[in-house]
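Taken from TrEMBL, the feature ATP binding site applies to GLY16, THR17, GLY18, LYS19, THR20, SER21, ARG124. If you look up TrEMBL, you'll see THR20 marked as Mg(2+) binding site. The substrate binding site annotation in TrEMBL covers ASP38, ARG62, GLY84, ARG143. Among the features that TrEMBL reports, domain '3-dehydroquinate synthase N-terminal' is placed at 232-344. Summarising the annotation, TrEMBL assigns domain '3-dehydroquinate synthase C-terminal' to 346-491.
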Amino acid sequence: MQKNDKQNIVLTGFMGTGKTSVGKRLASELNRKFVDTDELIQERQGISIPEIFRQHGEAAFRKMESDIARELGQQEGLVISTGGRLMLDPANAAALSQKGRVFCLVATPQEILSRIKKDKEHTRPLLEVPNPSEHIVELLKERQQGYNRFQKIITDDKDPAEVTSHLLDMFREHPKRISIDHPAHPYDYVVGSGILPFVRQLAEVPGPLVVITDTTVNELYGQSCGEVDHIITIPVGNQHKTLATVQDIYDQLLDIGFDRSGTIMALGGSVVGDIAGFVAATYMRGVNLIQCPTSLLAMADTCIGGKTSIDLARGKNLIGAFKQPSVVIADIALLQSLPHREFISGMAEVIKHGLIADSDLLEKVINGDWHTEAATLHTSLFELQALVAQAIQVKVSIVREDPMDRGIRFSLNLGHTFAHAIEQVSGYTIRHGEAVAMGLVASVNLSARLGHCGADLQQRLETVLAGVGLPVRIPGLSTEELLKAMENDKKRVGKINRFVLLGKIGQPFTADNVDTRAVIDTLKEITTSSD
Ligand SMILES: Nc1ncnc2c1ncn2[C@@H]1O[C@H](COP(=O)(O)OP(=O)(O)OP(=O)(O)O)[C@@H](O)[C@H]1O
Ligand SMILES: O=C(O)C1=C[C@@H](O)[C@@H](O)[C@H](O)C1
Ligand SMILES: [Mg+2]
């Protein structure tokens, strides 16, 4: 990866969030050259921005911005404060991301208005309207998704000096590398913030690099992956985890002449990871793979361990291959744009890892503020990075011991026999993570019922789950149908009535021939009635 002392720092964000004020301070602290794209344009045109808008129109101003983005994208060691909309143009973002770490300053509309009113030095043509307050809200709404692509820094309760120091801490924080010493194929898991543009450098990819992603992730991050050669986009959703999608990807790879010298980068959640991983395992008997998980579920769980799979009409995950990536690169900043429901779904697997092996991880979950409102995580990206790294560590240790899934790795299925049945019987309206939360409660309830742990463990677990907003009861599903779904699942894995149970936190074990009556009683106890 490019060294920090050369990497440009690029500031984006809405008008009045402090890009210029903070940028100047940063440059002086780091002893770097400061460039403000608005000021540069004014200097070159010899007139002010409102005058440029008046004489030449907004389109001409945007063209000037694009030219400057391309020009500055080639330089190094700068602090660049960009115009409020400049980085929302994907081509500008791609140009400036190549050699730069991007940070997005954010503030509430009220704070923006109050700052702008006080700022007599500048006029902002877009806010020269009868009701600027309303217009700020409208513009912010329009631009929200665009800004969500970048690592955010909330500035409301900090003055420019504090924002500068916080930003410097983030800039200096290095990604963490966790080694996964798979017997046949050791690789690193790199977890950091704002690292997506540097995947090629971090993964040390020399040849062609093709991204496989879905349409949603592509819209958000397709342009922020640094130097990639081609992007293949697949439709969003589990229903596309099919051989038809795989066939379509093979065809596109053949069309561009992709061969065994190339690398596939899976950019997305678990579905993308499964599909792209399967393609990488099979195309021309296997090509290099980088996993870049973008959801919490994929980061903390599914991207580790090398399992890839495709569904058939007759069942989920019936086709697959083990395919270890050459590296996993998880950019925590991407979690900022994850919908809240997806974020807490991923938390269910983090909590599962805590139950299996690490009570300190559970404490971290309890003590953090993991709510996301208006696409703004309450917690800092530092805390989130630490949490994800710790959750990964649990899975890494287990997979290290049992890479081929023949023994202890089964403990990662804690709660999953129940969860798969809950998902299936709900017609997949309940998300995987939500079903895992219910499944964890069921497993602990069953463990207590069979005398393996105290009843207080269920209470403790429910407090953790409910604290992050996860469900702790099964909503009105038929016990009979759940039991039937569980039996089918068991037949598939070839073991009847095998469950992962818990002695206490950190002590999972496998129990065979669990009494069906106890399972029924557990299901009944934690299912709420449908009326
Ligand atoms: N964190 C902050 N707290 C309080 N005031 C701030 C903060 N950051 C900036 N300001 C003030 O808000 C005004 C706008 O700041 P600045 O010009 O740096 O914003 P900007 O993001 O560069 O805006 P634009 O996109 O319009 O150029 C200035 O008067 C500045 O002093
Ligand atoms: O947000 C915007 O569209 C703008 C922000 C300013 O930085 C200037 O680039 C210009 O006033 C337009
Ligand atoms: Mg400015």
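Cβ from N, Cα, C; glycine included.
Projection of TrEMBL feature records onto the structure.
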residue : record                 : DSSP (3 states)
GLY16   : ATP binding site       : coil
SER21   : ATP binding site       : helix
ASP38   : substrate binding site : helix
ARG62   : substrate binding site : helix
GLY84   : substrate binding site : coil
ARG124  : ATP binding site       : coil
ARG143  : substrate binding site : helix
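Counting in whole angstrom, ARG62 (substrate binding site) lies 15 from ARG124 (ATP binding site) by their C-alpha atoms. Each residue in GLY13, MET15, VAL22, SER81, GLY84, LEU105, ARG115 lies on the same chain as GLY16, THR17, GLY18, LYS19, THR20, SER21, ARG124 and has a C-beta within 8 Å of the C-beta centroid of that ATP site, without being one of the site residues.
The Cβ neighbour count for GLY16 (ATP binding site), using a 10 Å radius and every protein chain shown, is 26. With the fewest other C-beta atoms within 10 Å around its C-beta, GLY84 stands out among the binding-site residues GLY18, GLY84.
Fewest other C-beta atoms within 10 angstroms, among the binding-site residues LYS19, ARG62, are seen around ARG62. Non-local contacts of ARG124 (ATP binding site) by the CB criterion (under 8 A, 6+ apart in sequence, same chain) comprise MET15, GLY16, ILE49, ILE116. Less than 6 Å separates the Cβ from ligand 1 in the case of SER21, drawn from the binding-site residues SER21, ARG62, ARG143 in sequence order. Of the candidate binding-site residues, ASP38, GLY84, ARG143, the one lying closest to LYS19 (ATP binding site) when CA atoms are compared is GLY84. Just so you know, the Cβ of THR17 (ATP binding site) picks up 25 other Cβ atoms within 10 Å once every protein chain is counted. Comparing CA positions across the binding-site residues ASP38, GLY84, ARG143, the one lying closest to THR17 (ATP binding site) turns out to be GLY84. When averaged over the domain '3-dehydroquinate synthase N-terminal' (232-344), pLDDT in the model lands at 95. The residues of the domain '3-dehydroquinate synthase N-terminal' (232-344), classed with DSSP into helix (H, G, I), strand (E, B) and coil, number 50 helix, 34 strand, 29 coil. Long-range C-beta contacts of ASP38 (substrate binding site), restricted to its own chain and to partners at least six residues apart, with a cutoff below 8 Å, comprise THR20, ILE49, SER81, GLY83. Looking at ARG143 (substrate binding site) and SER21 (ATP binding site), their Cα atoms lie 22 Å from each other. There are 16 other CB atoms within 10 A of the CB of ARG143 (substrate binding site), with all protein chains counted. Looking at the residues that bind ATP per the record, GLY16, THR17, GLY18, LYS19, THR20, SER21, ARG124, the two CA atoms farthest apart are separated by 16 Å.
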